[in-house]
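Features as listed in TrEMBL:
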TRANSMEM  27-45  transmembrane segment
DOMAIN    29-443  domain 'Major facilitator superfamily (MFS) profile'
TRANSMEM  65-85  transmembrane segment
TRANSMEM  92-110  transmembrane segment
TRANSMEM  116-137  transmembrane segment
TRANSMEM  149-168  transmembrane segment
TRANSMEM  183-203  transmembrane segment
TRANSMEM  239-257  transmembrane segment
TRANSMEM  289-310  transmembrane segment
TRANSMEM  315-334  transmembrane segment
TRANSMEM  340-364  transmembrane segment
TRANSMEM  376-398  transmembrane segment
TRANSMEM  418-438  transmembrane segment
Amino acid sequence: MTDNVSNNDLKTSSFKPHTIKFQLHRVAVFLLLSFSYAICLFLRSCPSIVADKMAIDYEVNKSDIGIFTSIYFYTYGVVQPFVGLSVDVAEPGFIIGGSLFVASIGTFISGAGKTLLIGCIGRALVGFGCGPVYVSVNRCLINWFDVHSYPLILGIVHSIGSLGYLGAQGPLAYMAGAIGWRMSFYSLGIAGFVFCILSFIFVRGNPVVFKYLPVNAELGKNAADTPLKEKFVILFKNFKVVICSYHLWLCIIYAILTNGPFYDINGMWCTQFLEDVFDYSDKKAGNTMMSMTISGIIGNVAIAPICYLFKTRKWVLVVTAILCAAVTVIFVFVKEALSLVVVCVIFFFYAFIGSNCSVLYSLAVDYFDHKIAGSAVGLMNMFLFIISAVYIAISSKILDIYGKVPGTEKYTFEGYKYGLWVFNTASYALGGVIGLFMKEEKFAKKKEGDKQLQSNSTAPLLSVDNNENHTFT
C-alpha cells in the first residue's frame, strides 16, 4: 500500500478540482480551526484576570490560584505526544470536536466548583481537552494549504487565536464584573460546545475526504483510511524518527526557554504585577494587557514575512529571543509605576517580537516529511507546556519567599523582581544562545506533483511566492 495518491490516479479519479466552492470550503475550515484555537487560548489565560475573585470564592490565597493555572499546562503537555502521533493517522476534525467537548465540561466544573480541589479537577479536564486542538489544527493546515505557505498560514491562525487572549483580558474583566467569574466560565463552556458541534460537522483533516484534489501531492492519501495494523506500524516509525532528531530537540529547548517566560508573564503574573506594584485596578490591568495581545495579533502575521524577506528563520528566532530579554530586564529596575502609555508601548514591542511561534514550529516541521508533522509538533508541545507549568510554579514560589507588603495582599516588588523579571530575562537570553546552534532549513517548496495538481484546478491556491526562491544563505 502506498502513502501517496499518484498523479495518474489523481487525473483519472473522481476528485473535484479546486473551484470557488473549494476555496469557500477551505476558508470555512480555516476559520473554524482558528476560532477553535482562540477558545483554547481564552481558556488558558482566563484565570489571570479573575484570580482575586477566584481566590475569594475558593477561600484560598491568591498564590494558590497559580496551582489552578499550572494544572492546565501539565495535563495539556501530557497528551501532546499521543495526540501528535494520532493526528498523523486519524481524523483531526473528530479529534478537535471531541477535545472541545472535554474542555467545555472542564470549564463548567471549574465554574461550579466550591473548592480549589474541584476547580483543579475541572481545570485538568480543560487542559486535556485543549491539548489536542493545536496539533490537530497544524495537521489540517498542512493538508489544506501549500506546505511552503505553512509559516504564513500558521501565523495568521496565531493572530486569530490571539483574539482568545484578548478576550481573556479587558473583556473578561468587564464580564466578570457584570455577571461574575462563574457565569463567565459557563459562557465559555457554551462557546466550546458550539465549536465542538461545528468541528464534528464541517472540519476534516484533508480535502480529499470531500473528494477534492489534494493540495499537496505527497499528502494525497487520507491518513484516517489507513488500516489499523498499518497505523500502529506508522506510529512506531514516526515516534522513532522524531525522538531521535537532534535538531528537533534544539527547537524544543528553545521553545521552553522562550515560551515558558511568555506564558509565565502574559498568562499568569504580569496582570498581578501591574496591580500589586503599579497599583492598577483589575480592569485597568486587563486593558493594559490588551496592548500585548493586540501586538501579538500583528506580530504573528508580520514575523513570518520577515523570515521570507531575509530568507532565514534561525536568525529571526535568535534575534527575537535576545530582544525579549532586553525588554523584560527593564522591569528589574522599575520600582515605581510608569505612565500608562510607556507601559503599553513596552508591552506592545515585547509581544510583537515574541510572536515567533509560527516561525519556530514551521522550522521544526520542515526538518521532517510533512506526513509526520503532527508527531513533531506534539513532541515539542509536550515539553513546552509541562515546563511552562514549572515556570509558573517557580515564579509563585519565589513570590511567596519574598512575602507580601505588610497589611495587604500584594506581593512585594522584590518578589516580582527576582521571581518574574530576573528569572525570565535569564531564560530568554539562554534561549537566544541555544538558537545559535539550531539548524537552518529551507522553506518547504512546492513539488512538481503539486504544480500539476494546481494546473488541473480552476482556482489558485494560496502561495507566498510564485517564484519559489525561498533559499537560505
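Note: Cβ is positioned from N, Cα and C throughout, glycine not excepted.
Sequence-distant neighbours of the transmembrane segment (376-398) (same chain, 6+ residues past either end, Cβ-Cβ under 8 Å): 63, 66-67, 69-74, 76-78, 80-85, 87, 131, 134-135, 138-139, 242-243, 245, 248, 251-252, 255-256, 259-261, 263-264, 267-269, 361, 364-365, 367-368, 415, 418-420, 423-424, 427. Segment contact is absent for the transmembrane segment (418-438) and the transmembrane segment (92-110), given fewer than three CB pairs below 8 angstroms at sequence separation of 6 or more. Counting Cβ pairs closer than 8 Å and at least 6 residues apart in sequence, the transmembrane segment (289-310) and the transmembrane segment (239-257) reach fewer than three and form no contact.
In terms of C-beta pairs under 8 Å, the stretch of 65-85, 116-137, 239-257 lying closest in packing to the transmembrane segment (27-45) is 116-137.
Remote same-chain partners of the transmembrane segment (65-85), defined as residues 6 or more beyond its termini with a Cβ less than 8 Å from a stretch Cβ, comprise 43-44, 47-48, 51, 54-55, 58, 95, 110, 116, 119-120, 123-128, 130-132, 135-136, 235, 238-239, 242, 263, 267-268, 374-390, 392-393, 395-396. Within the same chain, the transmembrane segment (239-257) stays apart from the transmembrane segment (183-203): fewer than three Cβ pairs sit under 8 Å, each pair at least 6 residues apart. Listed by sequence, the residues of this chain that lie at least six past the ends of the transmembrane segment (116-137) yet keep a Cβ under 8 A from its Cβ atoms are 33-34, 36-37, 40, 43-44, 47, 54, 58, 60, 64, 67-69, 71-80, 83-84, 86-87, 92-93, 95-96, 98-110, 157, 192, 205, 374, 377-378, 381, 385.
Confidence annotation: the domain 'Major facilitator superfamily (MFS) profile' (29-443) carries a mean pLDDT of 88 in the model.
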